[in-house]
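Written out below as structure tokens is the structure these notes cover.
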Amino acid sequence: MESLKTDTEMPYPEVIVDVGRVIFGEENRKKMTNSCLKRSENSRIIRAICALLNSGGGVIKAEIDDKTYSYQCHGLGQDLETSFQKLLPSGSQKYLDYMQQGHNLLIFVKSWSPDVFSLPLRICSLRSNLYRRDVTSAINLSASSALELLREKGFRAQRGRPRVKKLHPQQVLNRCIQEEEDMRILASEFFKKDKLMYKEKLNFTESTHVEFKRFTTKKVIPRIKEMLPHYVSAFANTQGGYVLIGVDDKSKEVVGCKWEKVNPDLLKKEIENCIEKLPTFHFCCEKPKVNFTTKILNVYQKDVLDGYVCVIQVEPFCCVVFAEAPDSWIMKDNSVTRLTAEQWVVMMLDTQSAPPSLVTDYNSCLISSASSARKSPGYPIKVHKFKEALQRHLFPVTQEEVQFKPESLCKKLFSDHKELEGLMKTLIHPCSQGIVIFSRSWAGDVGFRKEQNVLCDALLIAVNSPVVLYTILIDPNWPGGLEYARNTAHQLKQKLQTVGGYTGKVCIIPRLIHLSSTQSRPGEIPLRYPRSYRLADEEEMEDLLQALVVVSLSSRSLLSDQMGCEFFNLLIMEQSQLLSESLQKTRELFIYCFPGVRKTALAIKIMEKIKDLFHCKPKEILYVCESDSLKDFVTQQTTCQAVTRKTFMQGEFLKIKHIVMDETENFCSKYGNWYMKAKNITHPKAKGTGSENLHHGILWLFLDPFQIHHADVNGLPPPSAQFPRKTITSGIHCALEIAKVMKEEMKRIKENPPSNMSPDTLALFSETAYEEATCAQALPGVCETKTNLTTEQIANYVARKCHSLFQCGYLPKDIAILCRRGEDRGRYRLALLKAMELIETHRPSEVVFSPATGVWGSHIVLDSIQQFSGLERTVVFGLSPECDQSEEFHKLCFASRAIKHLYLLYEKRAAY
């Protein structure tokens, strides 16, 4: 079979398959006298289409044989159209577009997408080559029927290997009622015979379990090897059966294969070799081979050997047997490559459904070549649920002028490069409805290496336009520009389909631009795509933007972090909605929140729910916390009254009906019993009567059981008395890498519990439940640890990292630098100011550090972890005087205050 290779000469950022010279046109193909050539051309094209469908899409390049050919006048050819329709029964126009460019015909192939209204076929196939018996026919199953069989066999394998019920011959002979099972029993009796007579008539016919074959050709063995795989696959995948070679299927008479044409020993050996080579796929652990028995019966005519009848008994198979490898193709190593049976099954079922051993064996080679058929596991489960809300919030499609996003990065770029904004407005003209999304490197965002010669990339997504990727070069003579732009465009397109789940037709046209010129680079050829690859309307644009949201959330970038924070806010809103359902029936509640839950944000949402549910005035709801910084932050976030525990104990709150207490793990009983005071306010009793409460207000207490600081004097009831209680383990509102740090710390604490932590508290942490929540919600992020540093080295590291973040569009208000001890703040502040001035992160006059009380402001926060309790920022640096195993409790404190980036920096141990 001729190997089809990719074309590297064409400038498209696509996988391009060159199928060679082809005759096109309705009349031209009708006149073809060379039927082999006609079939070969058809086969080359259809295999290439199948491979591209299963590999993220691409372009097929065919050289037109007839120099006078015009696609507009002559069309494709009926045999080609028929093949396309068979491959794509839902309509080939959904996936294929055609364009003539000079003497080449280009076929644009969209990535395969499962039909949401039928069985979710993960890949496209020409033929499954998986057969089943249907009465007297061996049926090559359609892809959907094959998927049903695979699921059925997989389910049965989980319950044990299937068995075939065997009936005794006497039961048949004694019955007056005839049924199909009788034919199987009669065939089994026939199988026991030693010899046959020529023209002997059988007392049974073809059925689900019986197939008759007669060959008049001299080439008996080649014909048997040609047809046998179909029947063995069909019988093995159904209920077993018998193939009788040498019996006329019409007269049911024994005719045999003439003895001079057949060597019985050779025939038996060839049959065994043929069956043993059949591809199989196992769901079971035993993995047996196909079980069959071959028997050669002599056929006599007047006591003289006339020939042979060959009977093959095929037992039902535990799993599935193929007649040959499925006729399904992918792109691999720049070639159109046929899938093996095992690869095909894995992809049909998706690796998440396949046996773990196969995921290990095949996942790595299939992800790159055919991941368009599946969703990537590289994003949390809930991302798709919120992609529309995220898109509408971050990338609203408006009728106004084209928007530039993200705003902070655009502001930085346009400030540093004054001509860039005007250049971009010129480039995108005449687009009037769309979004340009900037990145320091879209290549880095999709998993490629960033290039120093690239100032930035800008992605134009606009109505009535194809998607365009502008690469702004620093050095216009950089020779790697075209390759960089094409590779980035191609990879981003693949991600939109495989990760983002975009099912429409999409192209990304790369354009290289230098700041000094709006012209494309010399030698850059304008790319033409079919009109269907333009975004036709707002709906298509929104669909693509939603796919981009998913792609961005699965990467590490400024855009990802901004989306991630909004994604976590949506998760918190969802969590608060579930939690608020307990407000009516549970007026007092202890809410245990593990690190990463962001309980302050949850507490704020609950106060809003209380106000709406009980129709309260804001002054009737009180929020209580330990620190002034957290109190000030909450005051900015809500209209309800917020105070510290100290203020709460010193004041009177006569109008308060409901109290939400946050960060109670940091409380202490200094100034009095805060818990009883809160309870008396929310559940007051009439003076002197001892009667029941006048009203039942809300008293909800939020705490992190793994960060309790004053267990003996914190004023909380003992853990055994903290009821009713609800434990929130499903909310992980931070980066995956940070969640892993917190999980390991909680696991370590559970294995070596401190004396002040009760066994009941430790039992609440389930590693499995925490991992499930992490998989559902956590996003990619950054966590780095550096040890044995000097103060100067720590300051330089922070300064360099901040400089890098600011270049990418992060703002000072995204960053918190937290010290393990409050007394270290002044020492670190001086070192950081010096380092930041040297590295020119900002101009010296702009370097401002704010204490935790200024968290709502626009400066970098520099304070202790205690003062930052209950607060969080996207980027957190945790500075610790020394790395001491006994002090690693602070790692959990640092991690619980970071959303996407965590940098843990430890000084050298002091010498004594």
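Note that Cβ sites are derived from N, Cα and C of the backbone, with glycine treated the same way.
A quick note: this is a predicted structure, and the numbers were derived from the prediction, not measured.
The annotation region 'Required for endoribonuclease activity' is assigned in Swiss-Prot to 206-391.
Under the heading region 'Required for ribosome binding', Swiss-Prot lists 392-571.
Sequence annotations record features per position, and here Swiss-Prot assigns ATP binding site to CYS593, PHE594, PRO595, GLY596, VAL597, ARG598, LYS599, THR600. Its Cβ taken as reference, CYS593 (ATP binding site) is surrounded by 26 other Cβ atoms within 10 Å in the chains shown. According to DSSP, CYS593 (ATP binding site) sits within a strand segment.
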Legend entry - Among ARG598, LYS599, the most crowded of the binding-site residues [Cβ within 10 Å]: LYS599
Inset, instruction - Compute the average pLDDT of the predicted model within the region 'Required for endoribonuclease activity' (206-391). - result: 85
Inset, instruction - Report the member of PRO595, GLY596 (the binding-site residues) whose C-beta atom has the most other C-beta atoms within 10 angstroms. - result: GLY596
Inset, instruction - Report, as a single number, how many Cβ atoms besides its own are within 10 Å of the Cβ of THR600 (ATP binding site). - result: 23
Inset, instruction - Please classify the secondary structure at THR600 (ATP binding site) using three-state DSSP. - result: helix
Legend entry - VAL597 (ATP binding site) CB neighbourhood, other CB atoms within 10 A: 25
Inset, instruction - Enter the number of other CB atoms within 10 angstroms of the CB of PHE594 (ATP binding site). - result: 27
Legend entry - Additional residues surrounding ATP, by Cβ distance to the CYS593, PHE594, PRO595, GLY596, VAL597, ARG598, LYS599, THR600 centre under 8 Å: LEU602, ASP704, ILE728, GLY731, HIS733, SER896
